[in-house]
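K.L.:
Not my notes, these are from TrEMBL:
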type	residues	note
DOMAIN	39-289	domain 'G-protein coupled receptors family 1 profile'
TRANSMEM	24-49	transmembrane segment
TRANSMEM	58-80	transmembrane segment
TRANSMEM	100-122	transmembrane segment
TRANSMEM	134-156	transmembrane segment
TRANSMEM	204-225	transmembrane segment
TRANSMEM	237-259	transmembrane segment
TRANSMEM	271-291	transmembrane segment
Amino acid sequence: MLNQTSVTEFILLGVRDIQEPQPFLFGIFFTIYFVNITGNGAILMIVILDPKLRSPMYFFLGNLACLDISYSTVTVPKMLQNLLSTNKAISLLGCITQLHFFHFLGTTESLLLAVMAFDRFVAICRPLHYSVIMNWQVCILMAVTIWTIAFLHALLHSVMTSRLSFCGLNHIHHFFCDVKPLLELACGNTELNLWLLNTVTGTIASVPFFLTFLSYFYIITYLFLKTHSCSMLHKALSTCASHFMVVVLFYAPVLFTYIRPTSGSSLDQDRIIAIMYSVVTPALNPLIYTLRNKEVRSALSRKVRKCLLLEEI
């Protein structure tokens, strides 16, 4: 039976715990969000429309672009609204919903990056078996599996958090609803929630990171030992470099946030790290892929030229 709560809404204190409007920060985060939506939207459109990008790598890249748009949209629009308003309230239901989708999409991205690393491993180290191992049925099954696991993981957190009693203080020292800040406001016993956060979420974050790192380790070892062509080596390393940059940008702050003990965390530190992996990283991903991926750059160029020709006609 659900515990009765005396708190019906929370106050999101935002990035700096300031109640007044902050137009300067609004401009910065709006620009980053616009770059995210535009860049990832362009990649998603190109992957869907360009017939030359019909491969498992670009199927997963399309998933990543969709995820990055959704991931930021869970937190950034509310943060932008709060930066221009003195009313920073969010309902209890809205808070739990935001928490759920934040962990749902974040976990999906964590697992997806591991799958993308495995795809590169098979393509480079087992090229003759690539079409058999990474056929479309397997790719779709992998995508459905990681989205399902992520949803169940997020559901676990949202259900367990909703069962807590919140009484007294309702000020969240964050720009969105996350498990850690909410546990600090809970009145009852939060030991199980903390265990789930540190153990389950820590495992969900660290295991895919380890598998991703292992895939790239094997790829780099294979390339230096087996590849004798400098051009092939450069092309393979260039492709892997863009993937690895995305992995580091995403996993480093996430692991720092959810692996370290809750007692040793700093509120300001948590907010800065959260901005990195929920706001900045999704905007950087399309820049990394378009700047380092020749096929994506070519596809974007073809699309732009086609649009310009249509306008002239």
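Using N, Cα and C of the backbone, Cβ positions are placed for all residues, glycine too.
Bear in mind that TrEMBL entries carry predicted annotations, made automatically and left uncurated.
Since we're looking at a predicted model, the values are computed, not measured.
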K.L.:
In this predicted model, what is the average pLDDT of the domain 'G-protein coupled receptors family 1 profile' (39-289)?
P.N.:
85
K.L.:
Hey, which of 58-80, 100-122, 134-156, 204-225 has the most Cβ-Cβ pairs under 8 Å against the transmembrane segment (271-291)?
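P.N.:
Most Cβ pairs under 8 Å with the transmembrane segment (271-291) come from 58-80.
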K.L.:
Are there three or more C-beta pairs under 8 angstroms joining the transmembrane segment (58-80) and the transmembrane segment (134-156), sequence spacing 6 or more?
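P.N.:
Yes, the transmembrane segment (134-156) contacts the transmembrane segment (58-80).
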